[in-house]
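These notes concern the structure reproduced below.
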Ligand SMILES: Nc1ncnc2c1ncn2[C@@H]1O[C@H](COP(=O)(O)OP(=O)(O)OP(=O)(O)O)[C@@H](O)[C@H]1O
Ligand SMILES: Nc1ncnc2c1ncn2[C@@H]1O[C@H](COP(=O)(O)OP(=O)(O)OP(=O)(O)O)[C@@H](O)[C@H]1O
Ligand SMILES: [Mg+2]
Ligand SMILES: [Mg+2]
């Protein structure tokens, strides 16, 4: 698979790179050595410093120390334009598109082909974009604005952008986090063909199956430092996990038995035209109900409609036997509903507020005495939840935006657990979270169920759903297409319900 | 800006100082208006003759409420006299009265406030005289028949409104064939007046003449007319300064217009203010005072001092004036 | 799944469709309607020499300012200082003629535009380098520039007679029946529109306004572009200042007072989104045209002078409500397009 | 088996990264208050007549409308919106008061109606922003023209100035025994109310969250639309009240009252440390900001400085205040980066 190039000059080499943000040391000693014609996996826990390393390569951050060589030459990028000019393309963890501009313009912005007088050659630009889309096997209207595209389509455009750059080094920071199986496959075949053209690729993912499927070499990071680099063929999942966390873990925390009580949440005939249709289900106290399906099946929308942030046209929601008014999150919260949304940076957290204020945001009414609220009470309440969930932060008044993904997720969980919910809806609770934290989240959910909380867990990861849920619901294209007891829920059965006529993903 | 050595050190004791000299502050409707420039220059001359201290302050746009803070500052500084041209008869009243309470003599000039808010009003010409002069000028130029319009300053200018009212009465009474079609307001702003002139001409294709009883308005209207197809067709008159109008009188856009000498107005106002501040007069009807080279003046009813009759400028005499 | 139908339409048809749906078309129609109505009520509104000339002349200055303003707004910034820049450059123009008799007119134009550019550069530098919000900075410089203007002018003013007749003639002269000032404004407009549409630097302004953070990640030269946008806006205001002196002849310290809100209003009416990334200078220029033409037509239509501002307010609100509806419809359409292809 | 249990030592979480004195003293608000005190001290020492009680009276009387409207404006800007129409609402309320009195209503009735008109105007802004979902900057530029146009249209050329003297005197009198105008009582009550609302209630907390991330706020059960709507209503109401006060103070109802004041108010609020992007700011800073601009103007006028220079200084202050904040954070970042580099050279000395 991989031509032996270890002796040749690496395409790109970072050694003992240091980067800190204020008191936070994001990278203590980051090292990475890339070779042409290779796909290199970069793995590590949340906050291990992967994205920071990527951003240094991209020229977005400047390193505080260490070495950075490109084809043997020492470089120090001041801007992303410089790294681009040197043939480095980066797909960032979050898609970064201009919503008002067309797909084509997004791909070529800043380096459009020009003709006489510097006039942009729109026809050439369009032709090249069409060609790239053909190669990727997708058909996206190149003239439409990117506003309104699904996350998967946005990711495809990011990839098209990188390809059009004709870069010799391509870095992809968790490109698959929002993609479905089919899309992942397509992306992988493109990545392989790029490798075969002799380019160097970096692939970051928390999914080990993908890493094994695609990559030839893997670098593991922990706590901002390089741990080890080895050929993928010479390692196992267990080895990698041990290196990542520095101890043995299993990805899945075993579900604890819980006593299933009376029905707490009852959703009946919920319909929002074009989004979801006739969705009915119940969740009992102490029960974890998994909601499976492909990305884009409309599960998040159902959750949001139940909680009241989104509207729905028909149907009813009952909590504890009494009907819940539509579109009123406050009323839902008052009745003991909590929603941990899927996009924690946009929906879950106010990134610029300190951890404290985020944790108490949903319980601010409850913390008030005679309508007045005091900072000391908030701090007290936040401290309780931060330590219970072991949020890794130096002080509670640090801005939550500076925490790593996993710790941010813990803050969101803490925020909703603080409301002492009867029904907890968690949407992709472990998306983009490392194995260690993932197991912690699972343990937490299990414990909560034991305490009698009704849990609805939306997840795109089948093992998680099958491992955690007492009952599994499956959605496809806005409809409930299957319901399985824990014992009946086999991967095959669930996948079939989720895809029906489509080929099963993953 | 205008105020030269503004070292208003004196005047902690408001009113009668040991010497005859007084500190006098001029507050025009707004700064940046050549009419007030001229009148304030006259005031400054007078204050210099008197050996007092002159200061000129004012807002950059002509609004009544913005004058108030300058009145208050004058009161705080304890100046001996304040000479004001009011943007509104009522809005600055209370502030003026407060200033008088702390011993500032208040003289209004050019545009009056309510009589109870000031000690003296120096009137450039009687309203009747001004209205009469303008009606005479315009009716003569349009052969006493046809449509005319008025281009005034701001809708609230006391003096403008008084004149317009009298002009309307005079037109009704003695000029039945002349129709006043509209009173437009240029806000004493050059650009607005210019655009309003254009609008008037377009709205009333039959228009024969425009009267603009404000120096800003007449200059803007003349400038528009001079470059338009209406030059020489539509008559224009009103109140203007010779320097601004010279060009248009010479090129035939304007036949004749009227004004008093603003420098004299400022000069007289300064003397009146000084007389009040030094206790020479109290503002009662019948008081008399000397106003330097202008001679002797008497206060008449309602505490008014009259400068004289308006003067008509035309191609024959405009060369004799420079202000 | 990741597909979106490409409805194959003939490019010419598609272009035509876009033209018909375009915001600019709507405004142009509104202008025609207003002019028609006013002309029916009073034929001299259009069919007299002065009428036609003024119809084109009056909006020209605001058009130039609105073009600059639109460019700044497209980058998700705003320039509140344009009115003050107009005032300063107009006064500079007059002063130059007074101080240096016989100065060629071209030099005065260059000087006015250069002063505007410098003032814009100050705004741009503060916004781009100090990374502070444009609204705050230009609110500050609006006061500063106006204050400097008043301090400089004092109670002085430039009178028409201070400027050479040839220069003032520019304010009213026509070429082939079209006023010179309007032609100048149109040249500026056509160039700006071409540049924004066809050059990289123009497109990057849209990208920056659409998502500043993404623009940074892209490695676009955000700082330089924003700086340039402010310089352009300043220069446009500077040009408008020179034209102001030519058109109005008299320049006092409050020339251009309040133009900032009119220019923003014109851009908003013209479909330039206040949060950047969307809109054209055509729209802004037409917006300015509509705004001032309505002002002039109202008295003829029989609406009292005093209600003018209210009508302008209704116009602005109507325009943004319309934008909103159109945007929502488009968003729904795009999402539906995606749904369809699942 | 259990995932992360290595006898998890009880962690303590410091609530604050910085010591108390730093958090209190090294703030934007503190520096504005400090600057205000410095200006007052310098003016006392150098400007003749500045130390007279009249200064206080005049200053507070004239800045009262700005002080009043700055209160709701602060809350609005904290939610990342803006209300440019306040001065027009003030003018409209002034006209309504005048027309009411002219129509023979008792003044208190006219006043109440004027305040209600203000509230309605605010509700219109609020509805356009929250129900229709338009950007407030554009909406209120529109209503700035609309409300002013209605005010000027209603009253036309005239000004109304026959208000009962008992009321106009009330607007001008001081609290007995002090140089402080009575309107400051109304302001103090409102300021206290707004300060409590913003800084010590759950509603206030939600405003900051809305300003920083309205989607996350909505997901936290905050009714973003309703909160903003009521803020605009408050702003309209207070502007209406300020309009009544303005009318009585100058005994003058006119369509163009307080024209252009919106920018003065916003300048003061921003000077007081409120971020135009929302989510940051405090009321004490804003009040200090308004007073700073007012005091500076008053002292300079007394010292014979002309209004244009005062404008220049106001603008400079505003620009410098934001630029200095950004410069400070730049310096801070540089220091931190330097620290990081030093750490980088001697590895192994981290957390
Ligand atoms: N701009 C920043 N300011 C302060 N701290 C930061 C910043 N960016 C990253 N960090 C911190 O640096 C550390 C490494 O973050 P980084 O995003 O590189 O992790 P990661 O490995 O990409 O994690 P994930 O898998 O969650 O994406 C974290 O502790 C994070 O909180
Ligand atoms: N940020 C977004 N922008 C545009 N479209 C989106 C976005 N997020 C979701 N969608 C689209 O909305 C529809 C429903 O997606 P949604 O995320 O609710 O599905 P889901 O089943 O919850 O998937 P997930 O596994 O991602 O939670 C899909 O068509 C999806 O592509
Ligand atoms: Mg990352
Ligand atoms: Mg989802």
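Placed from the backbone N, Cα and C atoms, the Cβ positions cover glycine too.
Unlike curated entries, TrEMBL annotations are predicted automatically.
Annotation source TrEMBL lists transmembrane segment at C:27-48, C:55-74, C:80-98, C:105-129, C:135-154, C:175-194, C:226-246, C:267-294, C:306-326.
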Selected stretch (most C-beta pairs under 8 A with the transmembrane segment (C:55-74)) from C:105-129, C:175-194, C:267-294 | C:267-294
Sequence gap of 6 or more, Cβ distance under 8 Å, 3 or more pairs: do the transmembrane segment (C:267-294) and the transmembrane segment (C:135-154) meet that?
-> no
Considering only Cβ pairs under 8 Å, which range in C:80-98, C:105-129, C:175-194, C:226-246, C:306-326 makes the most contacts with the transmembrane segment (C:135-154)?
-> C:80-98
Looking at C:80-98, C:105-129, C:175-194, C:306-326, which one has the highest count of Cβ pairs under 8 angstroms to the transmembrane segment (C:226-246)?
-> C:105-129
Non-local residues, at least 6 beyond the ends, that sit with Cβ under 8 Å of the transmembrane segment (C:105-129) | 77, 79, 81, 85, 88-90, 92-93, 96-97, 137-138, 141, 145, 164, 166-167, 170, 222-224, 226-239, 241-242
